[in-house]
Amino acid sequence: MMLQHPGQVSASEVSASAIVPCLSPPGSLVFEDFANLTPFVKEELRFAIQNKHLCHRMSSALESVTVSDRPLGVSITKAEVAPEEDERKKRRRERNKIAAAKCRNKKKEKTECLQKESEKLESVNAELKAQIEELKNEKQHLIYMLNLHRPTCIVRAQNGRTPEDERNLFIQQIKEGTLQS
C-alpha cells in the first residue's frame, strides 16, 4: 500500500490518458504537455519508493523477532512462584476480611451510639417542652389569682394608688414579662 496525501491518486491508478489532456490523438503529444506534470510524477515516485523501503524494513524486523514461551530474564517457573504467591494472597485476604469486619462493627457501634444519643436528646426535649407548658399554666393561674385578689387588696389602698393605676401597672408588667410584688 502506498502512502498518499489527501486528494492524490497513486501512479498505478492513473493512466497516461488521464494525466494528459487528450484533445489530440495519442501520437501527437509533445514534451511541453509532460513538463508541468513532472513535479507530481516525481513526488509520486518518491512516495512509492519510501513505501517499499518501509514495508521491506518492517517485514525484516518482524522476521528477526522470535517469540519465546517465557519472558526473558525470568528463571523461576510459574509452579515455583505460585505457592509463595498464593500464600501471600491468602494472608492478605484474611487480613482484609478481619479489617472489613472490624470496620463494619465499629460503624455499627457508632450508629447505635448515635441512635441512643438521639433518643436521649428527644426525651430531654420532650421533658423540657412539658416543663414549659407547666410553667405557662402556672403563670396563667397566678395571673388569675392576682386579678381575683386586686379588688380586696389592702396594700393598694395604703399606697394611694387607684384601681386604674394598678391595672395599667399590671398590664405593663405582663407586657414586660415580669410581675413585681
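Along the chain as shown, the residues are counted starting at 1.
Backbone N, Cα and C define each Cβ position, glycine as well.
Remember, predicted model here, so these are calculated numbers, not experimental data.
Per Swiss-Prot, the feature SUMO2 cross-link maps to K78 (among others); the stated evidence is a large-scale study or a structure entry.
On its own chain, K175 (SUMO2 cross-link) has no residue at least 6 apart in sequence with a Cβ closer than 8 Å to its own Cβ. The feature SUMO2 cross-link is assigned by Swiss-Prot to K175 (among others).
Summarising the annotation, Swiss-Prot assigns domain 'bZIP' to 86-149. Residues belonging to the domain 'bZIP' (86-149) score a mean pLDDT of 96 in the model.
Annotation source Swiss-Prot lists phosphothreonine at T162, citing a large-scale study or a structure entry.
Look at Swiss-Prot and you will find 88-110 tagged as region 'Basic motif'.
For 114-142, the entry in Swiss-Prot reads region 'Leucine-zipper'.
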Checklist line | DSSP-derived structure type at K175 (SUMO2 cross-link), helix or strand or else coil | finding: helix
